[in-house]
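Notes follow once the structure below has been shown.
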Amino acid sequence: MLRTPLSSALVAIGALVAFGSTASANDANGTVLHMLQGTYDPLVESLPLAQGLRLDVIPDGVSPWIVQFAHPTGTAETSFLEASGVEIHGYLPDYAYLVTATKAQMDVLRTTNDVRWAGPFEPGFRISPEIGTQVFRNPARSDVSVRTLLVRVFHDPLTAADHYRALGGTVLEVIDNAYESIVVVEIDPARIDDIARDSLTWFVEEKPETFLLNQTTRWVVQSNVSNSTPIWDAGITGEGEIVTLMDSGVDYNSCFFRENGNLPPGPSHRKIIDYTTFGGNVYDGCGTGHGTHVAGTIAGDQSYITGSTQSAGMAFGAKLTVQDVGQDGFLDCLLGFVNVPATLTSAFTASYGLGARVHSNSWGSTSNSYDTYAVNVDQFMWTHPDYLIVFANGNSGPSSGTVGSPATAKNLISVGATQQAPNQNTIASYSSRGPASDGRYKPTVVAPGGDSNGYINSADNNSGNPPSPTCATQGSPFAGTSMATPAVSGIATLARQYFRDGFYPDGIAGGNAVPVSAAAVKAVLVNSAADPGTPNIPNNNEGFGRLLLDDALYFDGDSRELRLEQDAGLATGETRTFEYAVDSSAEPLEIVLCWTDYPATQGASVALVNDLDLRVTAPGGAVYLGNVLSGGQSVTGGSADRRNVEEMFRLDSPPLGTYVIEVNALNVPQGGVQPFALASTGAFAGWPDDPADAPELDGSISVTSGWALLSAEPNPSQGDVTIAFRVPTTTESQDGGVDTATIEVFDAAGRRVRSLANGIVDPGIHEVRWNGLDDSGTRVAPGVYFTRLRAGAVELSKKLVLID
């Protein structure tokens with residue numbers, strides 16, 4: 001076949017892009033596809049699929065295809081595909097995209113040199129191997145003659161639903177929003193292959209069964225010193241923060257939540273500003289008290305009623321929104337079943353709209369797969385980068401690979417459990433272990449979850465409608481990753497307040513607020529985690545360790561300091577470099593890289609999409625790669641991590657001198673650029689007293705040389721965004737007093753959409769507005785965009801999300 005250069009093909013279809021992404025052969029071979037059914041090289045072999053699950057004849061019209069490139073990919077490749085008229089639906093490792101296109105379009109793509117291989121997305125790739133393998137607790141789900149399926153479709157879910165009805169299925173729900181199109185259907189399992197052969201079908205999986213994952217914790221996760229609460233002592237209690245709890249319901253008349261006069265939850269309530277029921281018809285209809293206990297651990301505070309902070313929650317100054325998914329039926333309640341929506345997107349959206357930036361979940365399933373719930377988590381966190389989701393890892397341990405969805409997602413914090421103090425260095429036997437199905441470390445961190453030797457004490461429940469007043473607390477029978485998860489959610493809330501209240505970088509309240517991304521909060525928490533027991537983190541029992549927040553947060557006078565970098569993002573092949581001088585070996589040097597990755601494509605067996613690498617060069621020239629550790633410390637050699645979105649470096653007694661820290665983007669096939677956060681602790685020369693050493697911050701706020709991209713609100717929006725930026729005076733500026741600014745909007749592929757400002761701007765705070773139109777006056781499609789400010793050598797950017 002005649003093969004033409006990619007640039008020639010682009011000229012033929014009226015577009016021109018430049019390819020500049022390269023990688024060494026040692027980074028990744030790029031010759032295989034990682035599918036759930038197996039890993040193979042499509043040029044030389046095919047996977048053995050069941051009869052009828054391989055297309056013998058390509059259907060007319062638009063159908064799903066895989067396009068694999070010969071090298072790492074980025075905006076040039078996605079621009080090329082879009083210019084050729086195909087629609088991109090996701091990334092498939094290595095270096096491939098799932099698209100929908102006609103056969104004629106694919107015939108053109110196959111003739112370009114940079115396209116290594118193109119072929120059908122076979123029906124066999126569209127079926128989860130886990131269908132029929134789950135053991136259900138609920139007798140109603142034990143009937144094997146019918147399966148409840150979640151069917152993700154490429155488009156037109158109403159038409160797809162009609163197709164599935166024609167196969168004998170009963171359609172229970174059709175979901176269609178900016179993030180997903182899903183049909184929930186009950187059907188004879190013998191018809192699953194027919195569903196997979198439909199050209200509208202993307203992925204078929206069985207709807208998972210979801211259930212709950214049932215005084216000393218506060219000091220264990222703050223300091224690990226008995227009765228020492230240094231974070232609270234600094235005045236950081238969660239005040240000004242909002243956390244959403246999805247659980248079995250909350251007794252809002254418990255004195256840990258009660259408003260004076262027993263007022264029901266609402267915007268003016270002192271603790272619970274919103275209460276929404278999903279599973280049943282009444283508030284806190286399930287009397288087991290699981291949700292009340294969990295809510296108490298997050299933010300319970302009885303001081304308003306009793307004047308005492310005894311048994312207060314981790315972030316007792318925070319407010320709550322409650323998403324009650326408890327079931328009212330006696331048996332369902334007793335067995336811990338919860339009525340979780342078929343997808344979580346609407347629940348996350350409602351929570352975010354109410355102002356919550358942490359979402360806590362003490363429920364899960366036994367499915368180890370990267371399923372729809374995992375996609376929901378990663379999708380929402382990608383489009384809402386300041387929103388942190390926390391999930392229990394599960395109670396199916398101690399066997400390996402028992403972590404359950406949605407904790408199998410990449411971007412969240414998954415929480416395992418230790419025993420209660422004084423045994424907090426022992427992992428609870430029930431705590432689900434990693435890895436995830438693709439080998440990623442799970443859990444992220446651990447915290448006390450208790451067991452029969454020591455339960456977790458928190459607010460007691462007194463069900464009813466409305467619930468009855470009570471000031472009691474309860475320990476037994478509450479133990480599980482359900483109990484560890486709210487502790488971590490509360491601690492994440494305290495970390496957010498630390499930055500919002502201006503403690504960073506000087507360790508004293510009242511400085512400039514630093515809005516932080518979820519990746520930044522996660523990096524700080526991972527950095528804080530202590531290695532319980534034998535030093536061997538990271539691993540699939542403890543993750544990155546037991547949470548110990550005071551080990552990461554810096555307060556004035558501490559010998560261990562904190563440095564935070566928030567970067568707007570790297571494209572394929574780019575590198576960001578930082579240099580830190582260490583002036584004492586008495587404090588460990590720990591550097592943690594975290595990024596909120598683009599959601600993976602269902603059907604792929606590897607969830608990582610955008611692949612960043614951490615590389616640290618020590619003063620003597622030794623080179624260390626992220627997550628290459630032995631005995632809890634970094635060692636030279638090894639290979640770059642190709643699975644996890646958390647990478648760490650640690651030396652207990654670091655040599656003095658300057659450390660060169662590099663973050664390299666091996667492959668960023670989706671989203672244009674990949675933002676990231678670095679949280680580093682150690683003894684740093686000239687830090688934090690020397691302002692010249694202050695790190696560049698990017699995220700909700702970006703500051704460099706006095707220029708600042710302050711805000712873009714609302715975000716997400718429907719197309720009317722106000723962007724605020726700061727222009728320094730000449731004396732403030734470190735770039736020669738440049739006063740010419742350009743503000744533009746780019747799409748996720750890096751193409752300019754709109755120019756908003758270009759010219760000389762006076763010092764001060766300025767605002768420009770973007771109405772969601774491009775330069776031609778055409779409204780742009782919903783999705784991810786970036787606003788970018790350029791002034792001389794200064795370049796700042798911020799993610800924008802447009803919704804319907």
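Note that Cβ sites are derived from N, Cα and C of the backbone, with glycine treated the same way.
Look at TrEMBL and you will find 1-25 tagged as signal peptide.
The feature domain 'Peptidase S8/S53' is assigned by TrEMBL to 238-545.
The annotation active site, charge relay system is assigned in TrEMBL to Asp247 (among others).
Residues or ranges marked as active site, charge relay system in TrEMBL: His290 (among others). Taking the Cβ of His290 (active site, charge relay system) as centre and 10 Å as the limit, one finds 27 other Cβ atoms among all the protein chains shown.
Marked as region 'Disordered' by TrEMBL: 424-477.
Residues or ranges marked as compositional bias 'Polar residues' in TrEMBL: 424-434 (among others). For the compositional bias 'Polar residues' (424-434), the list of distant contacts is 220, 224, 393-404, 407, 416-418, 440-443, 446, 448-451, 479-481, 484, 532-533, 540-543, 546: same-chain residues at least six beyond its ends, Cβ to Cβ under 8 Å.
The compositional bias 'Polar residues' feature in TrEMBL is assigned to 454-476 (among others).
Per TrEMBL, active site, charge relay system is recorded for Ser482 (among others).
According to TrEMBL, the feature domain 'FlgD/Vpr Ig-like' maps to 734-786.
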By a simple count, how many Cβ atoms lie within 10 Å of the Cβ of Ser482 (active site, charge relay system), its own Cβ left out? 31
To the nearest whole angstrom, what is the C-alpha distance linking His290 (active site, charge relay system) and Asp247 (active site, charge relay system)? 8
Quick note, Asp247 (active site, charge relay system) and Ser482 (active site, charge relay system): C-alpha atoms separated, nearest Å, by 10
For the domain 'Peptidase S8/S53' (238-545), would you mind checking the mean pLDDT of the predicted model? 84
